[in-house]
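Feature list (source: TrEMBL):
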type: DOMAIN; residues: 2-114; note: domain 'Cas6 N-terminal'
type: DOMAIN; residues: 132-256; note: domain 'CRISPR-associated protein Cas6 C-terminal'
Amino acid sequence: MIITYSFVPSHEVIVQPFSSKFSRTALLSFSQTYSKHIENPEEGKPFRVTAIKKEGKPLYSRKGRFVTLRANEKYTFNVTSLDNDFMQEAISNPSFSFEIYNEKFSVELEKMEIYDEERITALIPDDRLIRIDFLTPTLLQPPRPSFKRKKNRYVIFPYVPLLMSSIVSHWNKNMERKITNVLGLRTLYYLKEVDYRLFPITVKYDKGFVRGFTGWCLFSLEAKRNSKLRNNILTLLSYANFVGVGKSRAIGFGEIRVRSADQGRKEKSNSEAQQT
């Protein structure tokens, strides 16, 4: 399930550099289910809450600058939930108010979409080329070594073994059907990078800074057509549209959009047609 909420500030408001704190505080104002899950430190939570968005674009700033919400302009945020109890809470609270930054905000449930595994899989047509857009800073973390760590380590390129491991671990923790035999070095052969435009980015979160990457990467899907492996890869990539990838995806980092190259061409053509 993915929900879109909207709100309109009555006057200009300054929010944190990474704006998902607003979205998460909004949910905490009415959902005991969400509160229960975020208090649990485990990875792979059945929730993903995005940053605030303006016309679909996530709002965050580089290097500690604050984000400004303009008066009388519409903003949105999205919530993905795999928990049925939260769905009932959301339906029971289609509109609500809460306070943050010494201001009161009124939030409306704008849209709710329900997806099962079959519908998730159908979102990406079986095409040779797959494009992934990394919409918010993505934090892909290598396996931890045995020595005592001091800081988190994130890579600034979508290294396929780490990317797929991140998606598979979330899927297998939250979905009834488990997916196996898609990890390891074989990922370097069934999903190959063919083009990219990526940007290392540092953003402030809480009391520190995190460094990840945004941009896009085009992949060639080499797994045999109609094979179980290929179908599982497409399912996992489509699933990542809803839950994101990497560390801290539950709070809006690692938000991605996955589509086939053909879908991308059609979207570009439709956009250009609307502008003429």
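Keep in mind that glycine also has a Cβ here, set from the backbone N, Cα and C atoms.
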- What mean pLDDT score does the domain 'CRISPR-associated protein Cas6 C-terminal' (132-256) have in the model? 93
- Message: Let's see if you can do this one: DSSP helix, strand and coil counts over the domain 'Cas6 N-terminal' (2-114), in that order.
- Response: 25 helix, 45 strand, 43 coil
